[in-house]
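Everything below concerns the one structure shown next.
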């Protein structure tokens, strides 16, 4: 029988509930327990797929093609498990499902209400993950903050789960803020007390309180929080700011959080094995080398829009004992006059995924700079499409070459809408999504990187390489090194006579892990290191 852990948040949003939940998942897994994770988001959107990155950050894509919250990326990276669409549930999905059932007549004769119909649907999603994975523990993060109107049905549902499953099989962890006053440096517990009071008023008594704080939490404050919030002192956990999110599991282990949780849920206490994780954190703290990559995008003011790319670069850097510093370059500011000033000195250039025509010409100019100056380049999704456009214009001589996404009347549509997308009007959930096989061509840089002729990667796109230009562009030197097994879709392109110029239609960043960096990022960092060493000599 699965045990259930629910992670809620109080006082303010963006406290790091996701990292806390993911870290606990890592600790439990390190003791031999199987773990599944999920996130409940109280917004009415079906998924974040159509939201602006400025509203939501990155959209993380699962193997089965769900567009999900960026916290799922943290979950996958920490517990090293591929999650599914069942791991991200929004209020929109819940209401959609209930209304659909009502229209079909599933509730015939009943007045459909928040309780029990909405709450039953939420509970079913919790249990579904446990059944799907057949795991020892399900960790569910509740998005938002206690007290939000949108969160109430979710909190009511998890209260009911505790009754149905037995209190001994359910644990509530509340993540809260303990702020300090700048003039005195005094830590204040009152916001935490009020947050827990709010939680208890709807029938949930937290079993553990994780206190986000910039300063150490003195023993007397722990005792005060324990007294006023009705938990044991050892269940008041200090969660201070750290340099790297990968230190958080070690900080929680130091305070015996995993032991407390395992004892509370009456789970077997296996031997903890965090040796490789500790080694990773140690290498991350003490790099032997440094490289700088210019990330050219249009959402560079919000780094969370590219969080999986950032983490994949970190993983690859640690593999090479190298700190990868990111130079955030706004694509809209890149042009012939500014390109040298903005990109000079970068050891590598990366153009990530994106949509729309804003900043496109800047990205194309940055790619030209990488190609002409033999700077290692990695293009992801849109970064591949822009690389094809740049090559078509400046090497193949196709003046005005473009994607029909940006210029429907381009004389040379080297990137075009996928045929199966042409009759689709709706935006949400209609792209080519999820994992697909890619055949890697022997004798190419991609094959050298993967060392495998068939790989599986995650996608999120509507547009593709236009095969009418395949023969022309390859005759001019473009190398197609990855194809769909039926050879219809171009998945990877590269250039010869270049230290590292590789671009993919898929998103390799979604499959990178701290202890297993993605090979494309690993070799990209290696190429940057080699270039830096050669230049120094």
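Cβ from N, Cα, C; glycine included.
Feature annotation from Swiss-Prot assigns region 'Amidoligase domain' to 1-267.
As annotated by Swiss-Prot, UTP binding site applies to 13, 188, 189, 190, 191, 192, 193, 224. Secondary structure at residue 189 (UTP binding site), as computed by DSSP, is coil.
Listed in sequence order, 189 are the same-chain residues at least 6 apart in sequence whose CB falls under 8 Å from the CB of residue 224 (UTP binding site). Taken from Swiss-Prot, the feature CTP binding site applies to 13, 148, 149, 150, 188, 189, 190, 191, 192, 193, 224, supported by sequence analysis.
Feature annotation from Swiss-Prot assigns ATP binding site to 14, 15, 16, 17, 18, 19, 71, 240, 241, 242. Reduced to three states, the DSSP call for residue 16 (ATP binding site) is coil. For residue 16 (ATP binding site), the Cβ neighbour count at a 10 Å cut-off comes to 19, with all displayed protein chains included.
The L-glutamine binding site annotation in Swiss-Prot covers 54, 354, 382, 383, 384, 385, 405, 462 and rests on sequence analysis. Around the Cβ of residue 384 (L-glutamine binding site), a 10 Å sphere holds 29 further Cβ atoms from the protein chains shown. DSSP classifies residue 384 (L-glutamine binding site) as helix under the three-state reduction.
With a cut-off of 8 Å between CB atoms and residues at least 6 apart in sequence, the same chain places 6, 7, 17, 18, 21, 37, 38, 39, 40, 71 near residue 141 (Mg(2+) binding site), listed in sequence order. As annotated by Swiss-Prot, Mg(2+) binding site applies to 71, 141, with the evidence given as sequence analysis.
Feature annotation from Swiss-Prot assigns domain 'Glutamine amidotransferase type-1' to 292-534.
Under the heading active site, nucleophile, Swiss-Prot lists 381. Residue 381 (active site, nucleophile): 23 other CB atoms within 10 A of its CB, across all protein chains.
Counting only residues at least six positions away in the same chain, the Cβ atoms of 61, 308, 353, 380, 381, 457, 458, 459, 460 sit under 8 Å from the Cβ of residue 507 (active site). The feature active site is assigned by Swiss-Prot to 507 (among others).
Note on residue 509 (active site): other Cβ atoms within 10 Å of its Cβ, all shown chains, come to 29. In the three-state DSSP classification, residue 509 (active site) falls within a helix. According to Swiss-Prot, the feature active site maps to 509 (among others).
Checked against residue 382 (L-glutamine binding site) by C-alpha proximity, the binding-site residues 149, 190, 192, 193 yield 149 as the nearest. The binding-site residues 71, 241, 405 differ in how many other CB atoms lie within 10 Å of their CB, and the one with the most is 71. Among the record's L-glutamine binders, 54, 354, 382, 383, 384, 385, 405, 462, no two C-alpha atoms are more than 23 Å apart, and one pair sits at exactly that spread. Note: the Cα of residue 191 (UTP binding site) and the Cα of residue 354 (L-glutamine binding site) are spaced 39 Å from each other. Put simply, 16 is the one of the binding-site residues 16, 149, 188, 190, 193 whose Cα lies nearest to the Cα of residue 383 (L-glutamine binding site).
For the pair residue 385 (L-glutamine binding site) and residue 509 (active site), the C-alpha distance works out to 17 angstrom. Of all the binding-site residues listed here (13, 189, 193, 385), it is 13 whose C-beta has the fewest other C-beta atoms within 10 angstroms.
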